[in-house]
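> Dropping the structure in here first, questions after.
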Amino acid sequence: MQLKNPILGLCQQATFMLSAAKVDQCPDDEGFEVAFAGRSNAGKSSALNTLTHASLARTSKTPGRTQLLNFFGLDEDRRLVDLPGYGYAKVPIPLKLHWQRHLEAYLGSRESLKGLILMMDIRHPMTDFDLLMLDWAIASNMPMHILLTKADKLTYGAAKNTLLKVQTEIRKGWGDAVSIQLFSAPKRMGLEEAYTVLADWMELEDKAPAE
């Protein structure tokens, strides 16, 4: 019998908790948090919605509309965090700087943050923002897992080639501390692999079914 990933049930019951404009508005710093980051229009909201089987994260044709830290509760001790998207040209510079300042404060001070999921559009991977996040994760000893989103936009062969290319680049620059996979929200590609990472970071273990 196939084992059911223990994080699946928690993700399916995810509920919106609150939005925070700055760190002191965040929930109590305890338990387990996994944050989702990505350049604007990298498919972050769609990935979050697919992982939770709900429309929790706001999606929009205008990238960068998520301007706050959005917290979603899985249970009393575990949360997912949707971080602000970055890099959209139409967002005013002062607002970009505001986002950056509070994102850095959150990432640098949050004791309950156990890992960072970084979204990269498979057609445009390793942007300047992505490199900054990689540098921060390694310097902070923060576990990072990359989703190469929108993998359905390429043929399977092209997607695999891009995955191998990015894997090689990351190993050369950042070592083996960062894991990476293909992901597609519309095709539901890569869900089980992503769930396994979440379960590990949130200290949930697969359990054999009762006989």
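Residue numbers in this text run from 1 along the chain shown.
Here the Cβ of each residue, glycine as well, is placed from N, Cα and C on the backbone.
Grabbed the feature section from Swiss-Prot, which reads as follows:
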type: DOMAIN; residues: 30-204; note: domain 'EngB-type G'
type: BINDING; residues: 38-45, 64-68, 82-85, 149-152, 182-185; note: GTP binding site
type: BINDING; residues: S45, T66; note: Mg(2+) binding site
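Help me picture these features in the structure, burial and contacts included.
Every protein chain shown contributes to the tally, and the Cβ of S45 (Mg(2+) binding site) ends up with 25 other Cβ atoms within 10 Å.
In three-state terms derived from DSSP, S45 (Mg(2+) binding site) belongs to a helical segment.
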> Between A185 (GTP binding site) and S45 (Mg(2+) binding site), how far is it from one CA atom to the other, in Å?
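Here the two Cα atoms are 10 Å apart.
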> Would you find the one among the binding-site residues G38, G85 whose Cβ has the most company, meaning other Cβ atoms within 10 Å?
G38
> What is the Cβ neighbour count of A185 (GTP binding site) at a 10 Å cut-off, with all protein chains included?
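Taking every protein chain into account, the count is 23.
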> Among all the protein chains here, how many other CB atoms are within 10 A of the CB of D152 (GTP binding site)?
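So the Cβ neighbour count for D152 (GTP binding site) comes to 17.
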> Between G85 (GTP binding site) and S45 (Mg(2+) binding site), what C-alpha distance do you get in Å?
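Taking the Cα atoms only, G85 (GTP binding site) lies 9 Å from S45 (Mg(2+) binding site).
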> Under DSSP, is L68 (GTP binding site) part of a helix or a strand, or is it coil?
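In three-state terms, L68 (GTP binding site) counts as coil.
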